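**Q** Summarising the annotation, TrEMBL assigns signal peptide to 1-22. Feature annotation from TrEMBL assigns domain 'Cupin type-1' to 48-194. Here TrEMBL flags Asn93, His98, Glu103 as oxalate binding site. Per TrEMBL, Mn(2+) binding site is recorded for His96, His98, Glu103, His142.
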Amino acid sequence: MALNQVLFFLLFALATSHVATASDPDITSDFILPPNVTAVDSSFFTYTGLRSTVNSAPGASFSVSKAAAAEFPALLGQSVSVAVLKYPAGSVNPPHTHPRSAELLFLVQGYLEVGFVDTSNKLYTQSLQPGDVFVFPKGLIHYQYCNSGSAAVAVSAFGSANAGTVSVPKSVFATGVDDGVLAKSFKTDVATIQKLKAGLAN
């Protein structure tokens with residue numbers, strides 16, 4: 001199945017499904033117009049920004065291309081967004097969370113190891129192959145790892161026009177939290193914390 005067909009299928013499925021508890025507020029109109037816009041045509045409801053992603057191979061490092069509210073204003077109020085994730089062999093999408101949405105990942109090409117940690121600190125992992133779908137529950141820390149010798153491509157759908165992403169390594173080690181606090185929290189020394197911070201700076 002071509003990647004553009006997969007994207008269409010996922011967008012259609014999300015757009016037509018009933019969501020009982022959405023993260024985005026309900027709207028009282030069919031759609032929301034951006035400020036200073038009074039009329040739109042069908043091009044407003046079309047996003048072409050993923051064309052180059054669909055027609056290119058994964059690069060040297062993990063990459064994500066999004067169609068969320070920031071890139072595609074027609075999604076405002078619609079409680080949906082999508083992302084194309086490309087993993088070169090051996091790459092990782094580091095542990096992160098989406099505070100406003102669950103993530104439904106559909107593996108199109110290659111193989112991935114995926115996992116998430118629940119609120120009782122239990123780790124759930126799975127090895128995925130093309131055609132598999134995996135859900136990461138809303139707000140839980142999760143990751144994807146391309147542990148095979150070939151690249152992988154996945155499409156993720158979200159139940160929010162702005163799911164948000166909080167990177168665990170960056171939020172812990174690259175936001176200015178005091179080295180002493182981190183050393184005590186991780187039961188290590190300041191020198192180790194500084195090495196971790198230096199590694200993230202590169």
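A Cβ is built for glycine as well, from the same backbone N, Cα and C atoms used for every other residue.
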**Q** Using all protein chains in view, find how many other C-beta atoms are within 10 Å of the C-beta of Asn93 (oxalate binding site).
**A** 23
**Q** In sequence order, which residues at least six apart in the same chain have a CB under 8 Å from the CB of His98 (oxalate binding site)?
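**A** Long-range Cβ contacts: Phe136, Lys138, Gly139, Phe158, Ser160, Ala163, Gly164, Thr165, Val166.
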**Q** For His96 (Mn(2+) binding site) and Glu103 (oxalate binding site), what Cα-Cα distance in Å is obtained after rounding to a whole number?
**A** 12
**Q** In whole Å, how far is His142 (Mn(2+) binding site) from Glu103 (oxalate binding site) when you measure between their Cα atoms?
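**A** Computed Cα spacing between Glu103 (oxalate binding site) and His142 (Mn(2+) binding site) is 10 Å.
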